[in-house]
Amino acid sequence: MEKFIAIATLASTNAYDRICIGYQSNNSTDTVNTLIEQNVPVTQTMELVETEKHPAYCNTDLGAPLELRDCKIEAVIYGNPKCDIHLKDQGWSYIVERPSAPEGMCYPGSVENLEELRFVFSSAASYKRIRLFDYSRWNVTRSGTSKACNASTGGQSFYRSINWLTKKEPDTYDFNEGAYVNNEDGDIIFLWGIHHPPDTKEQTTLYKNANTLSSVTTNTINRSFQPNIGPRPLVRGQQGRMDYYWGILKRGETLKIRTNGNLIAPEFGYLLKGESYGRIIQNEDIPIGNCNTKCQTYAGAINSSKPFQNASRHYMGECPKYVKKASLRLAVGLRNTPSVEPRGLFGAIAGFIEGGWSGMIDGWYGFHHSNSEGTGMAADQKSTQEAIDKITNKVNNIVDKMNREFEVVNHEFSEVEKRINMINDKIDDQIEDLWAYNAELLVLLENQKTLDEHDSNVKNLFDEVKRRLSANAIDAGNGCFDILHKCDNECMETIKNGTYDHKEYEEEAKLERSKINGVKLEENTTYKILSIYSTVAASLCLAILIAGGLILGMQNGSCRCMFCI
């Protein structure tokens, strides 16, 4: 009878007013990886890698791009007559060169240090064409032309920035010399060339002199040239060749030239101004767009606040960092599956909560209560906001930690330096792999911390409610408290908002607890009496068995008793 009373009384505790601590769950299928787990279900994630791009070359903060159209940049610089559209002064934030552009150096030959010239020219933000020399007073014939350099309108022509000087009729080409002083407010790129005829006949026809000497000097340049006469393979109808050169004339410096033949003389130079991104994008298909962007990649424009992108490793402006990863997902919500086992690197355990609540939509953590007035659910805004703030800080933290300037720049090398180019590409690839590994490791660590902090947040909220209730409630062991006094909705609200006064309900709770303890005491006494009776009965049975064994042994002689006096 006593045992029945105990069970009935304990069962009645289910009728107590109850408040439970829980967390949000939903039907999200998002998963994240952590340092120690793969594909962990979470309520919400944020993709950190931008994969979308607008396939266009857009204006940037430094201005519009310059599209070279049918021309290579060296053709623009030296003034290929089919590139006259670029003769006007122009500016750019970056340059777009089409790999299939047909117009390069029209008269066959090579440009010395072409890659460096491309870099120096493209690094400026604009140029202004400056006339350096007027050859009208020289005893030469000016403005030589070639059928290799036809103009857009048809007919023979020649480069617009350099002048092909030949002998003066009837048959004169003496030494001529000139000088130019750079009084502009910046550096000037100047250009010249040397003509190498295919035979002596053409040499004397053009320059009279079989042996010529040309010199170009500045404060830092002192070069002399003689023609290398001889036939070459026919290119663009020419067996002759031209070597093309360039230099930089700094402010206040003097450029001097002297020649008696074979000099393709400097006529116009380029006054470079400002700084651009210094990039020449080579792409065949992406058009110039009527658009603006903060981030321009070689593959298109990106407008994204994400910290990473995998569109292109070459980019300009305020861009996400490039990583060779298709996806890096950051947990910005809670673990979305119930768990009853310890987990995490930081010791937080929320396994005492049986599972999340799908009905909680206005917060991450909160309360569910039941009393005589019904049931209710409410979010705890304070703990939710603190968790959201931490998530925001995590995103900023990732951006800050990855905010070291890193990008792969196209390195252009001459034929002789192809091995250097190959080594450079391998180094770039290794750096990219390391960068991607660092980014992934950082995200894994932040995900681990987020989920562990979630466990800790639930535990902290549980402990805070436990402190508020003090001895006025019983821990039900599953994230819930059975309250040992009547607690209406107003009372429940005070527990949730932290204004609950446990002393106000202390007497009622003590009385209820004493009833529970009394029932437990009676139950314990009953069990103790039963234990004593059982022990005594077992001892008597054992004694009877031992005595019976002795008597049986003495009767059959197997056991003797000897008494010694």
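The backbone N, Cα and C atoms fix where each Cβ goes, glycine too.
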Item to check | CYS58, CYS71, CYS149 - which one Swiss-Prot pairs with CYS106 by disulfide | outcome: CYS149
Next on the checklist: Under Swiss-Prot's annotation, the disulfide partner of CYS487 is which of CYS480, CYS491?
Outcome noted: CYS491
Checklist outcome for this item: Of the candidates CYS20, CYS71, CYS83, CYS291, the one Swiss-Prot records in a disulfide with CYS58 is CYS291
Item to check | Selected residue, Swiss-Prot feature N-linked glycosylation site, from candidates ASN139, ASN556 | outcome: ASN139
Next on the checklist: Quick check for you: of the recorded positions ASN26, CYS295, CYS319, CYS487, CYS491, which have their Cα within 10 Å of the Cα of CYS58 (disulfide bond)?
Outcome noted: CYS295
Checklist entry - Using DSSP and three states only, what is ASN26 (N-linked glycosylation site)? => result coil
Item to check | recorded positions near ASN303 (N-linked glycosylation site) (Cα-Cα within 10 Å), from ASN26, ASN27, CYS83, CYS291, CYS295, CYS319 | outcome: CYS295, CYS319
Checklist entry - Cβ-Cβ under 8 Å from ASN139 (N-linked glycosylation site), same chain, 6 or more residues apart: which ones? => result LYS168, THR172, TYR173, ASP174, ASN176
Checklist outcome for this item: Candidates ASN26, ASN310, CYS491, ASN497 (recorded positions); nearest Cα to CYS106 (disulfide bond) turns out to be ASN310
Checklist entry - What number of additional C-beta atoms lies within 10 angstroms of the C-beta atom of ASN27 (N-linked glycosylation site)? => result 7
Checklist entry - Can you tell which of the recorded positions ASN26, ASN150, CYS319, ASN497 lies nearest to CYS71 (disulfide bond) in space, using Cα positions? => result ASN150
